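Student: Encoded as structure tokens, here's the structure I'll be asking about.
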Amino acid sequence: MNEKFNSGSRRSSMTAEGEDWDNVHGITGRLVRFAHDHYYLTFLIFLVFVIVTSAVIFIAPTDPRCAQSGPQFTVCKQSNHDWEVSYSMVSRYKDAVNQLMNRGAVNYNFLLGASAISKTKALSQPSEDAALTLLYYWKDAVVKQNVNIFTPTTVKDMCEIQRLFVSHPFYPKLCQRSNGNCVQPYSVVQQFYKAGGDCTLLTDSEVQQKAKDLLNPANPLLGFFVSSEAGSKGFTNTTRALLSLGAPLPGFKDAAEDKDVQQNIYQSVFFEDFTCPVPKWLKDTKFLNPDFCNGRKDGEVIKGLESQLFEKFNMEGFPKSGQYKGAFRSPYLGASPHEEISSSEVMEVRWYSNIIQTMEFARVVNGDLNFAILSISVVYLYIAYHTKSFFLASMFMFQIIISLPVGYFVYYNIGQIHFYSQVNILAIYLALGIGADSVFVLYDCWQQSETDPSIKTTLGRLNYSHNRTMIACFNTTSSTVMSFVATAITPVMPIECFAIFASLVLIMNYIFMVTVAPAIIMIYYVHFEDLGGFCCYCSRSCTGRCGPKEPGVTTHLSKLREKDALYRCSCYAKVESDTVENGNPSEAFNERELRAAERFFSDHFSKLIIGFDLQPGKYKPLAYFFLAAITGYSIYMATQAFQLTPPKAQEEWFPPNHMFNKELMSRLAHNWKAGANSDYMEIVVVFGVETVDRSNFSAFYPAYNRGGVVFDKEFDFSSKDSQKFFLRVCKEIETLKCGKGGCGSNMLRQGQSPYCVFQDMLKFYNNETKSNVEYFPSKKEMIDTYTKMAQANSDKNNPDKYLEYSMGIEQGTNGLEIKWAMIPFMSSILSPLPNAEAHDIYSVLEKWIEGLRKDAPAGMKTVFQTDTQVAALGWTWMKVEDALVYNLLQGFAMCFPVVFVILIFATGNVIISFYSIVTIAFIVVGVLGSAKGYAGWSLGVAESIAGVIVIGFSVDYTVHLGHMYKEARSCHTKEEKIRYALTYMGTTVVGGGMTTLLAGLMLYLCTLTFFTKMASLLVWTILYSTFYSLFFFTSLCAVAGPVGSFGSIEVCTDFVKRKLRGRGS
């Protein structure tokens, strides 16, 4: 074995032969010299820069398209379009339908004339958003006894719970109205109690008689309240109620106008606690008579519905009250609201509301972000432990953290990307891991340079440490950034923004590491390095590893301190007792013993890999064992990873112990005798529209400028063939089969017939003209008939809204023209849908539509189908899930080749690069295989993001070891090279892994399953990366590592150059 390893307790030269680190030159050399000579000025420039850029994002107002108020650094208000793949045809079709509905209402009003504007009466309809579903069911032990849910006590309890809703002080201002009175809620309670009556305890006979009416199969209107098996079993062990506020709010044309504003009013006034006086933002809306505080004092709090439910069932979060109520623990976690009917009977109570879920989601996300602070604290303490300096830990942690606002400044003001969501917060965990890894590289190089006899000056030490760090961290940062770049090439905008932001944060951290970190090292060196421990700053009397380090202060350090006025006036300079004799300036750089961790890797760990007999070519049993075991395990995990598919069930955002969990969603959607319309997907078939023009649309502002409808110029609804074809489509919908798992029945439509406007027009026309025609003889008669129908409809108390958007009659160049038509119908497709079932049903519909396009007459060829749900449901969400899978595969296709190129430049050797890429591939399949094999997950949002990012993280440790293997030029065998790499980079690999691991572990404290999934994925990534780099990669190199110039890229390039010169001659 090479002499340098004979002792195992002495340091070796870290440098390549012939390198003179004291001779500082080039651009980086000038940067190092400036940091060496002007370290205070360097740090001051950095401080001014980050303060100015941070001040901009924390003071300058935000883009109103992001949020109504606040600074630039503000989480944007969520919209339904954020995660939508807006450039897909599915998205364009859904937007087209939304626009047609709005255009239809406008043109409908135009046909009626200015004096007869069609406007939905305020609060005349139930609001889909401002609704509360109450669910009641027996516990399992009672369900098995076939006990009916309706008893005198349970019915009384249901009534009292419902009274929390209808007795809210603002309910009379917001309830659904008919003839000036509040409409009775669609509740099972109304079947037992009179409207407005007290919740008195009924007799058993009264309850049983009314329960019998509910269970009567001949009463389909009451089927909403009982289970699907109620008819056959004669009882129901569960029931529900649907309580809705009215829509639209006074001042708004309909429920769709400024929908976000109306939802915010419902939420702020009814569901949340409301404090008088009325806030300015509410007065500034279209809402009429918003003064809810008449007769109330300023500061008076009206408890919201959610708070009343919490009090009713003793549900408490942490903190229990105040502005940050439930910030660290949601009241819904572990909640099991119930009513004890008797010693053996317990009725479980659950509730669900779109608005309450939105409130809870925001509360949970904001609470989860608090744990980022805990991650910072843990990583800070580990850096302090590794460097034995709170000063270095503080400065480097500030450098890491400040890279986020500076990165955001570039992201927002230079990149002009103004979208920022909670997902972007994940960048802090990535910055902590990569940033801490860079710190360990710099610090370890600085410590190792102290004992290099070839370095004679402090400037040389700084130059050496800076150069090594700049190269090593460029390799790791560039590979990680490239994984984010691959992630950013996705049509899913929040993930794209997260990837861009994370890339900029890591780039900023690298720039600070190259430019500012040398100055921090110099300040540390001048002021604190010879203190030798955590605590000694102004006193040498404290215990522990304090007091001056051996062998004392060098001539270089003394000279630096003599020139440093700040040091001379400091308290610890007054107790300086270190002395140095004039002599060899490299006196302090003599060889000293390895640090304990380095000695472990040199004397013990390396022998596990290269064998205890250090002679070259000897048998290495453990290395072969590691290679065989890890390869076999990776093959198995690859089979698991290849089984990952998009979710077969709807993505879960809350954990099992949260009230809004998977079980509640299932209970609400399934096993009812009759469902609410909101349980099913409405489908529309549209004629006359080609697409939506997105030319002025920006995906970063998804709720704005979504484009305009492009009509088919050839569309012609007036011809006989076109009218017959339209009627044919209406009839086909009546009989269209589904036959897929996502449908509630075998038929595609859900009970009621489609709304076929043309059929109704013919009936109206035949009644008017006393005829029996099957089609209109002219376009004019068709338009006149529609106009007369609209007039008759507007005279009703509750006009039929379908008529407004079933046909588009607009003013054209040649008078009134029929621009488009649609057929809406309520399908039997249950919502929400898992991806696999969504694809099955979507294929059925698209196959049918494709057949219609082939059979359609001229003028009716542009036909499509879409759903009318929000973008987070239906076909648009199906496309989001598809895009996530595609992004993962595309990321792999991009990342692996790019990372391989980076590895070639980092290691300078094709063989080492190939070993590294195999190790990385094993890490990736290990992480994804664990997601499937151990956790049973599907390829959802978190898995798709992490799948590509794991490549960037897994590169770090492998490239560190590969780089050091290359740098061991004075070592002549692969065993010596591996021992050298482990000795001088093993501690850095473990340190980098520990910080990212600790940061990832903190995510387990979060509530949202997205963050806890990311915790598992980060932890698996670090564990696999650290283990595989230390055991698999090193074993590969120990068994078949290149020696000398074998595999060297320099030899390859020289060979190519010689061939080219020979060909040229």
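Even glycines carry a Cβ here, placed using N, Cα and C.
Not my notes, these are from TrEMBL:
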TRANSMEM  39-60  transmembrane segment
TRANSMEM  369-385  transmembrane segment
DOMAIN    390-523  domain 'SSD'
TRANSMEM  391-411  transmembrane segment
TRANSMEM  423-443  transmembrane segment
TRANSMEM  469-490  transmembrane segment
TRANSMEM  497-526  transmembrane segment
TRANSMEM  884-905  transmembrane segment
TRANSMEM  912-931  transmembrane segment
TRANSMEM  937-959  transmembrane segment
TRANSMEM  980-1005  transmembrane segment
TRANSMEM  1017-1039  transmembrane segment
Student: Could you give the number of helix, strand and coil residues in the domain 'SSD' (390-523) as assigned by DSSP?
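Tutor: Summed over the domain 'SSD' (390-523), the classes give 114 helix, 0 strand, 20 coil.
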Student: How about the transmembrane segment (497-526) and the transmembrane segment (391-411): do they have 3 or more C-beta pairs under 8 A, pairs 6 or more apart in sequence?
Tutor: yes
Student: Is the transmembrane segment (1017-1039) packed against any residues at least 6 beyond its ends, judged by a Cβ distance under 8 Å, and which are they?
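Tutor: Contacts of the transmembrane segment (1017-1039) (Cβ under 8 Å, skipping residues fewer than 6 from its ends): 429, 433, 605, 609-611, 620, 622-624, 626-627, 630, 912, 915-916, 918-919, 922-923, 926-927, 930-931, 942-943, 946, 949-950, 953-954, 956-958, 960-962, 965, 974-975, 977-978, 981-982, 986, 989-990, 993, 996-997, 999-1001, 1003.
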Student: Taking the transmembrane segment (980-1005) as reference, which of 39-60, 369-385, 391-411, 469-490, 884-905 has the most Cβ pairs under 8 angstroms?
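Tutor: It is 369-385 that shares the most Cβ pairs under 8 Å with the transmembrane segment (980-1005).
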Student: Sort out the residues at least 6 away from either end of the transmembrane segment (391-411), same chain, that have Cβ-Cβ distances under 8 Å to it, and list them.
Tutor: 49-50, 53-54, 56-58, 72-73, 376, 379-381, 383-384, 417, 420, 427-428, 431-432, 435-436, 439, 443, 500-501, 504-509, 512-513, 516-517, 520, 523-524, 527-528
Student: At a C-beta cut-off of under 8 Å, are there same-chain residues at least 6 beyond the transmembrane segment (884-905) that contact it? List them, or none.
Tutor: 475, 478-479, 482-483, 485-487, 489-490, 492, 495, 646, 912-913, 916-917, 920-921, 924, 939-941, 943-944, 947-948, 951-952, 955, 958-959, 962, 1049
Student: Looking at the domain 'SSD' (390-523) alone, can you tell me the average pLDDT?
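Tutor: It averages 90.
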Student: May I ask for the residues of the chain that lie six or more residues beyond the transmembrane segment (937-959) and have a Cβ under 8 Å from a Cβ within it?
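Tutor: 430, 433-434, 437, 472, 475-476, 479-484, 486-487, 495, 498, 644-649, 651, 881, 884-885, 887-888, 891-892, 895-896, 899, 902-903, 906-907, 916, 919-920, 923-924, 927-928, 931, 989, 992-993, 996, 1009-1010, 1013-1014, 1017-1018, 1021-1022, 1024-1026, 1028-1030, 1033.
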